[in-house]
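According to Swiss-Prot, the protein has these features:
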ACT_SITE  119  active site, proton donor
BINDING   22, 23  phosphoenolpyruvate binding site
BINDING   95, 124, 125, 126, 127, 128, 309, 331  UDP-N-acetyl-alpha-D-glucosamine binding site
MOD_RES   119  2-(S-cysteinyl)pyruvic acid O-phosphothioketal
């Protein structure tokens with residue numbers, strides 16, 4: 001098992017490139033199941049979750065391999081028939097595995113998918129996925145830890161469905177299923193994240209008829225067949241946001257290439273409020289951290305609000321603020337597990353339910369810490385970069401689920417960071 005070792009307190013200078021978005025790539029790769037033939041998905045990050053989904057497709061009878069001629073390209077061949085099952089052994093570590101459910105039942109009329117795993121950050125129910133698919137005519141059974149879905153008529157049928165709560169993967173799952181359903185589907189109270197817009201764009205390139213992605217209502221006119229996919233995945237706004245937060249640490253000056261301002265506006269607003277200078281540059285954003293951050297209050301919300309996936313990284317920055325900040329988590333339960341580890345570095349944080357009060361300190365001090373989930377691990381890396389002395393981040397398999405060799409991206413900026421065997 002690996003650990004990340006950081007000798008902190010060194011200013012960061014330079015430019016870093018953003019990888020493709022994991023949370024866009026995964027549903028787009030799953031969407032390839034909707035059409036027979038050879039698919040090419042470009043700008044796909046080399047991450048554990050992506051590799052797991054590739055193994056799942058191979059288990060089903062597809063071929064999936066990296067295209068040696070193009071960095072970041074994933075070639076997928078989908079046959080006329082597959083084994084429509086996602087077994088627990090393959091998907092136990094990846095919550096996003098549930099996105100194969102919609103494509104499988106839409107194209108082959110049946111699916112058996114293990115209930116998802118992934119980060120342990122509270123309740124992430126898939127009931128909205130199942131209600132949406134039921135509205136399209138699927139019959140759902142939960143048995144022995146699996147979701148079994150069938151289309152009794154052979155094909156799903158269009159319907160109007162309102163999500164009880166906004167759900168990104170739920171919106172994606174039902175939208176993909178509706179693409180091959182008979183008739184029109186109207187989805188209401190949809191999630192609005194950029195990754196949903198990118199998935200819709202990929203499906204439209206396959207011949208789907210989808211409008212409204214990125215808004216509250218999405219309309220899908222079902223078609224009988226789709227064609228193979230060739231699509232470039234958008235940049236990862238959370239990875240970009242993590243590097244923006246690194247640039248906002250005191251004394252740093254970092255340019256994040258490939259970062260789309262419209263995707264990170266809520267974060268940029270808070271970074272500027274904290275005193276960082278954020279400047280649009282050709283192909284990205286430049287962030288300059290000038291002295292200790294100012295305290296700011298942050299409240300997470302679905303897109304276009306402040307992303308829950310940036311809450312931990314923002315907390316790491318505010319640990320050094322000149323004053324007290326309040327962070328309120330409204331999206332997920334149990335998402336302050338990084339607090340105890342930040343406290344080991346000298347942070348002063350008090351948690352009361354869904355709110356954390358961060359009393360800034362002049363400096364942090366390096367120490368061994370342990371990652372509890374994906375974004376918590378990123379927060380610990382940021383804190384370690386700013387801390388005086390050596391920080392060791394353990395259980396970095398969490399980090400590898402969402403960041404493509406983060407140490408290799410930070411080192412050219414001047415960070416004294418390396419990966420070692422724990």
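We number each residue from 1, going along the chain as drawn.
Even glycines carry a Cβ here, placed using N, Cα and C.
Bear in mind that the values here come from a model prediction, so they are computed numbers and not experimental data.
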Other CB atoms within 10 A, centred on residue 125 (UDP-N-acetyl-alpha-D-glucosamine binding site): 10
Greatest C-beta neighbour count within 10 angstroms, which of the binding-site residues 127, 309: 309
Those binding-site residues listed as 23, 128, and which of them has the most Cβ atoms within 10 Å of its own Cβ: 23
Fewest other C-beta atoms within 10 angstroms, as judged across 22, 95, which are the binding-site residues: 95
Packing count at residue 126 (UDP-N-acetyl-alpha-D-glucosamine binding site) (other Cβ atoms within 10 Å of its Cβ): 19
Cβ contacts of residue 331 (UDP-N-acetyl-alpha-D-glucosamine binding site) (under 8 Å, same chain, 6 or more positions away): 300, 301, 302, 308
Length of the line joining the Cα atoms of residue 128 (UDP-N-acetyl-alpha-D-glucosamine binding site) and residue 23 (phosphoenolpyruvate binding site), in Å: 18
Conformational class of residue 127 (UDP-N-acetyl-alpha-D-glucosamine binding site) under the three-state DSSP mapping: helix
Cα proximity to residue 22 (phosphoenolpyruvate binding site), best match among binding-site residues 125, 127, 309: 309
